[in-house]
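Notes follow the structure.
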Amino acid sequence: MVQAWFMKENWSGDQREEHHMQPPEFVDLDTLFKLTLVEHFKVNESDPINDELLNTIKKERGYSYEDEIICSKECLPNYESKLKMFFEEHLHTDEEIRLVLEGSGYFDVRDGVNDKWIRIKVEPGDLLIIPKGIYHRFTLDTNNFIKAKRFFVGEPVWTPHNRPADNMDCRKEYLNQISC
């Protein structure tokens, strides 16, 4: 089961650690959606590609292109610089859709109400849909390995727009949606 929690303010140290508040403040999936519009689905981790729910979501949302990414020291060219780039707070003009096939990691998203970080731990079978216009970032956990499918509508676009990007239309649309 996916876990999400508010992150400790002004943490220091390794970004791959959990960084819980003391005491920990967990966020259930309904609250996560209300605060961020992030969607989570659990698919069959032993056969995710043939999962009925995944195929329905792909069809309904028009995901027509997919690829795989492996993040590890052995498999990711320019590993250190890529991890640094993934962890830089940014947004995208399209949804970010990830299905974890192997390994684990964290997606951090900004709470749309108080602008606090919520950390989402993802593991095999977790399908996360991060809406366009939300500030977020990604990091591996201490296992230092994740293999994930990435889904796109049409040709892949993965251009990060680092914060501040509040003047972008996708950001304004996101803020309008979250306020409703």
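Using the three backbone atoms N, Cα and C, a Cβ is placed for every residue, glycine included.
TrEMBL entries are annotated by machine, without manual review.
Feature annotations, reproduced from TrEMBL:
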BINDING   HIS90, HIS92, GLU96, HIS136  Fe(2+) binding site
BINDING   HIS90, HIS92, GLU96, HIS136  Ni(2+) binding site
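Shown on the structure are the features that TrEMBL records.
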{"residue": "HIS90", "record": "Fe(2+) binding site", "Cβ within 10 Å": "18"}
{"residue": "HIS92", "record": "Fe(2+) binding site", "Cβ within 10 Å": "20"}
{"residue": "GLU96", "record": "Fe(2+) binding site", "Cβ within 10 Å": "21"}
{"residue": "HIS136", "record": "Fe(2+) binding site", "Cβ within 10 Å": "24"}
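Compute the center of the Cβ atoms of HIS90, HIS92, GLU96, HIS136, which mark the site for Fe(2+); besides them, the chain residues with Cβ within 8 Å of that center are LEU91, ILE130, LYS132, ILE134, TYR135, ARG137, PRO160.
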